[in-house]
Amino acid sequence: MILELKNISKTYPSGRRALQSISFKIEEGEILAIIGLSGAGKSTMLRCINRLVEPDEGEVIFLGEKINKLKGKKLRQYRSKIGMIFQNYNLVERLNAVENVLHGCLGSIPSYRGALGLYTEEEKEKAFALLQTVGMEEFAFQRCSELSGGQKQRIGIARALMQSPKLLLCDEPIASLDPQSSETVLNYIKEFAVNKNIACLISLHQMEAAKKYADRIIALNNGKIVFDGIPDSLNDEVLHKEIFTNVSIDSGEKSL
């Protein structure tokens with residue numbers, strides 16, 4: 001088991017409970033899709049896992065260790081084992097592709113090396129190899145500001161893999177992409193989950209994508225899990241009755 005959430009709850013200052021007693025596990029190589037409308041709690045849950053938001057109740061257990069109270073070096077070590085893929089890419093637009101990929105190892109190298117761009121030959125070789133893996137080697141020295149959304153997200157995937165993560169957290173990774181680019185990005189994520197045995201937690205609005213690429217789906221409604229099962233068991237009745245009704249939106253629920 002890579003990750004376990006036990007009774008995670010979070011209440012925002014407005015008084016709305018964004019998460020209510022969330023519990024689940026995810027295994028190595030498993031792709032778990034989190035679905036639900038905006039405000040359902042998807043992004044809050046991902047932020048609690050990465051300690052960008054502190055839950056009010058419950059435990060997050062990663063590789064058998066409770067991470068709720070980790071601080072300083074231990075918290076950085078924990079985060080270095082988790083790759084992040086963002087809806088808005090979170091790239092440095094003025095830098096080229098390989099420089100952005102190299103940023104993926106900043107959490108595991110001395111801060112002075114990162115600040116000065118002092119990467120080892122091994123790190124550089126790994127960055128180029130990852131760009132090749134996602135079909136972006138020919139754009140290695142191109143500024144990211146000149147690339148398409150799909151190309152930027154592929155660089156985002158390579159950057160996340162730079163730290164050799166045990167877990168990928170993907171916050172709406174295809175929300176800004178066209179259908180073809182979306183399929184390309186999800187194919188790469190699935191490929192790495194299978195070939196590198198990386199657990200992947202992906203929040204999605206696109207139901208068909210969740211059914212096609214996920215091994216398992218969890219649906220949230222108003223901060224509660226209303227479905228947890230395999231894609232084939234998620235029928236229209238469950239969708240309309242349990243998932244896409246009575247969702248309240250709160251300013252606390254944001255993308256990562």
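Positions of Cβ are set from backbone N, Cα and C atoms, glycine also.
These come from Swiss-Prot:
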- 3-247: domain 'ABC transporter' (DOMAIN)
- G36, L37, S38, G39, A40, G41, K42, S43: ATP binding site (BINDING)
Query = How many neighbouring Cβ atoms, not counting its own, are there within 10 Å of the Cβ of G36 (ATP binding site)?
reply = 25
Average pLDDT across the domain 'ABC transporter' (3-247), rounded to a whole number = 93
Inquiry  = Around the C-beta of G41 (ATP binding site), how many further C-beta atoms are within 10 angstroms, looking at every protein chain?
reply    = 29
Key: Among L37, S38, G39, K42, the one of these binding-site residues whose Cβ has the fewest neighbouring Cβ atoms within 10 Å   = S38
